Amino acid sequence: MTDPSAHSAALTYGSYLALDELLSAQRPRSEEHDELLFIVVHQVYELWFKQVVHELAYLQERLHRGEGGHALATLKRVLTILKTVVSQVDVIETMTPRQFTAFRSRLEAASGFQSAQFRVLEAMLGRRDERMLAPYPPGGPGHARIAAAMAAPSLFDSLLRYLATQGFAVPPVPEAPAAGWRPPSEAVQRVLLDVYRADGEAALVCERFVDLDEGVQEWRYRHVKMVERTIGDKPGTGGSAGAQYLRTTLFTPAFPDLWAVRGAL
């Protein structure tokens, strides 16, 4: 005999996606119509950041195994997600400065500056900066995840490891400074020139890394322009300098060696 309770517990679209929890996670703090859009857009960003971090961790595994084909497929997915992330700025820009100002005070000290997932992404890209930990209580999940990402090999470390599996003589590379990104290395650039001149799969992987770097920089640019058009030069809600701070993050490549070799090709 079939247990009647089995039907009530059967998996559904809603239960599989946890839609009851997901759709109840938007809790505006004002009666302003536009606050819901603000919340939804930022929650969607966080979901995409989660997926990008997930894919980049998988990418590192493939690179460590020397699996260039799998790495290229994963990079294609990440790049497609980044294009979606950038395009979502168009949605938030339908909100006028007046519409945002109407509920901005209700955000109190909450700020995108506090996005732990984006800090993890930055750490995976190679940023090593203990100041990134400041907004997160020691012992908390955000603090632990960012610290672990900064202690782990960066994406560029994984790329160099992959190149070594392909027979290229990868030299030791300098460590990133205590507050910043790893400096360029002429020794690494000589190896990258060999990679590009061989014009094989490894060169394609390097090119997709350039696309990744460019995609993140494009996101940063669209983000700062969105902030400028919404709040001008006002300070950020979390105490940051707002657009002024965001401008300082522009045009800093995560993989400077891949850019430096282009003039010598």
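Cβ coordinates are placed from backbone N, Cα and C, and glycine is handled just like the others.
Since we're looking at a predicted model, the values are computed, not measured.
Taken from Swiss-Prot as is:
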BINDING   F38, I39, V40, V41, H42, R104, T237  substrate binding site
BINDING   H223  heme binding site
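Features as recorded by Swiss-Prot, highlighted on the structure.
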residue	record	Cβ contacts under 8 Å, 6 or more apart
F38	substrate binding site	I92, M95, F100, F103
I39	substrate binding site	Q26, R27, P28
V40	substrate binding site	Q26
V41	substrate binding site	Q88, V91, I92
Residue with minimal Cβ packing [other Cβ atoms within 10 Å] among the binding-site residues H42, R104, H223: H42
Whole-number Å value for how far H42 (substrate binding site) lies from H223 (heme binding site) (Cα to Cα): 12
